[in-house]
Each structure stands twice: as structure tokens, then as C-alpha cells.
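Participant: Here it is, the structure, as C-alpha cells.
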Amino acid sequence: MFFIGRCRVGNLFSTLFLFTFCIFTAEMKKKKIIVAITGASGAIYAKLLLDNLKALSAQIERVGVVMSDNAREVWRFELGHSDYEQYPFDFYSKMDFHAPFASGSAKYDTMIIIPCSMGTLGRIAQGISNDLISRGADVILKERRKLIAVVRDTPFSLIHLNNMKTVTEAGGIICPANPSFYSIPVTIEDVAQTVVSRVIDLAGLEQDSYRWSE
Ligand SMILES: Cc1cc2nc3c(=O)[nH]c(=O)nc-3n(C[C@H](O)[C@H](O)[C@H](O)COP(=O)(O)O)c2cc1C
């Protein structure tokens with residue numbers, strides 16, 4: 001009886017160990033991330049995210065970046081420069097359907113659309129995969145992987161809200177570009193970082209950032 005009991009305890013421990021090990025290695029697996037930048041206001045969010053991902057490169061296997069035409073225009077207008085392509089990531093043109101993440105077989109883990117315009121949100125919600133951004137999102141959703149849409153506009157129409165509902169029902173995460181202020185941010189970058197830190201958390205990356213009540 002004692003022997004049987006010990007065997008059971010032994011089995012339990014090895015199962016628990018295996019389970020913990022699997023979770024640990026899954027968490028430690030380097031991620032393949034798509035960053036899509038669209039023409040909503042808030043290019044600073046995109047810039048900060050790219051800065052953060054560069055700093056977190058030890059956790060990341062690959063970052064693919066795609067920008068819409070208006071994203072380039074808004075970046076120039078709001079940030080006063082065009083040095084987005086200085087990042088050590090793979091940049092793809094908006095109509096490049098040969099980009100790896102145009103297919104589910106490339107197995108990208110996460111797509112972050114930051115900022116996400118109402119136009120892009122609408123195309124994704126309706127399954128209109130007519131460029132690499134909407135196709136990438138379509139692929140991520142069909143493969144049941146993680147889509148994070150940092151939507152930006154104000155106020156929202158019923159059409160916008162219904163599109164957010166549709167994307168949420170399809171498994172996407174709507175993470176509005178709404179900064180928080182309880183960390184008492186000082187600069188504009190600090191304010192924008194409150195949104196980007198939530199995006200980093202949602203993407204499953206580890207980062208030191210402000211934690212409420214810690
Ligand atoms: C300076 C500027 C700011 C804009 N801000 C927003 C915005 O906050 N939200 C939005 O949905 N569209 C905004 N737009 C309009 C979009 O750029 C436009 O609808 C575009 O067609 C979106 O296409 P895209 O998603 O392919 O970039 C803005 C345009 C400009 C020029």
C-alpha cells in the first residue's frame with residue numbers, strides 16, 4: 001500500500017514537473033511579432049512600441065513591420081521625421097503578399113496594430129484582406145493567434161463599436177489608445193508609454209513597468 005502510495009506521489013510530482021516545464025518553455029519561446037502601423041493619430045505609440053521591442057530583442061525571434069501610406073504621412077506630421085526604417089526589423093510594403101505573415105504557415109505569434117485606424121478596423125472586421133495589414137490580421141484570427149488592435153479615434157460611431165465587437169468575437173483584443181494617469185506620467189512619452197506597456201503585457205513579453213500598488 002505504502003509502495004503504491006509512493007508511486008502515486010512520484011507520478012504526481014513528475015507530471016507536475018513536466019507540466020511546469022512545458023509552461024516555462026512555452027513562455028520562454030522567442031516570439032515572432034507583426035507590427036502594423038496605420039494612419040490613425042498617435043504615431044508616438046508606434047515609435048515607442050518599436051523602441052520597446054528593440055530593447056526586448058532577447059525575447060523576440062523576429063519582428064515584421066508593415067505601414068500604411070497614411071501611417072507614413074501621420075508619422076512625418078506628428079513626429080517631424082521619417083526615420084521609422086532605422087529599426088533592425090523586417091519591413092514589408094503594404095501590398096507585399098509574399099511577406100511571410102501573409103500565410104498562416106509562417107506561424108507568427110502576435111500581431112499588434114498600433115495605432116489602428118477605423119478604416120483598418122473596418123476592413124479587418126469585414127474580412128477584406130486587400131492589403132498586407134488586413135490579410136495579416138485575417139491570418140492571425142483564422143489561425144487563432146493573438147491580434148491586438150490599439151484603436152484610435154474619438155468619439156466612436158456605432159459602426160466603429162460594432163466593428164470592435166466583431167473583432168473581439170473573432171478572438172482579437174481591442175486595446176484602445178487610452179493612456180492612464182495613475183502612474184503620474186510627466187512627459188508625453190511617459191503618457192504614451194502607459195498604453196505601450198499594456199500592449200507589451202498583452203503580447204506576453206516581460207518588461208519592468210509601473211505596476212499598480214507594487
Ligand atoms: C493627421 C491625421 C490624423 C488622423 N487620425 C485618425 C484617427 O485618429 N483615427 C482614424 O481612424 N483615422 C485617422 N485619420 C484618417 C486615416 O488616416 C484615414 O482614414 C486612412 O484612410 C486610414 O487608412 P489606413 O488604415 O490604411 O492607414 C487621420 C489622418 C491624418 C492625416
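Note that Cβ sites are derived from N, Cα and C of the backbone, with glycine treated the same way.
Not my notes, these are from TrEMBL:
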type	residues	note
DOMAIN	31-202	domain 'Flavoprotein'
BINDING	Gly39, Ala40, Ser41, Ser68, Ser117, Met118, Gly119, Thr120, Arg152	FMN binding site
BINDING	Tyr182, Arg198	dimethylallyl phosphate binding site
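Give me the local environment of each listed feature.
Facilitator: Each residue in the domain 'Flavoprotein' (31-202) has a pLDDT score, and their mean in this model is 97.
Other C-beta atoms found within 10 angstroms of the C-beta of Ser41 (FMN binding site) number 15, with every protein chain shown included. Ser41 (FMN binding site) carries neither a helix nor a strand DSSP state and counts as coil.
Sequence-distant neighbours of Arg198 (dimethylallyl phosphate binding site): residues of the same chain at least 6 apart with a C-beta under 8 Å from its C-beta are Cys175.
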Participant: Which has the fewest other Cβ atoms within 10 Å: Gly39, Ser117, Gly119, Arg152, Tyr182, the binding-site residues listed?
Facilitator: Tyr182
Participant: Out of Gly39, Ser117, Gly119, Arg198, which binding-site residues lie by ligand 1, with a C-beta less than 6 Å from some atom of it?
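Facilitator: From Gly39, Ser117, Gly119, Arg198, counting a Cβ under 6 Å from ligand 1 as near, the near ones are Gly39, Ser117, Gly119.
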Participant: Taking DSSP three-state, what's Gly119 (FMN binding site) in: helix, strand or coil?
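Facilitator: Going by the DSSP assignment, Gly119 (FMN binding site) falls within a helical segment, counted as helix.
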Participant: Give me the Cα-Cα distance between Gly39 (FMN binding site) and Tyr182 (dimethylallyl phosphate binding site), rounded to a whole Å.
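Facilitator: So the alpha carbons of Gly39 (FMN binding site) and Tyr182 (dimethylallyl phosphate binding site) sit roughly 28 Å from each other.
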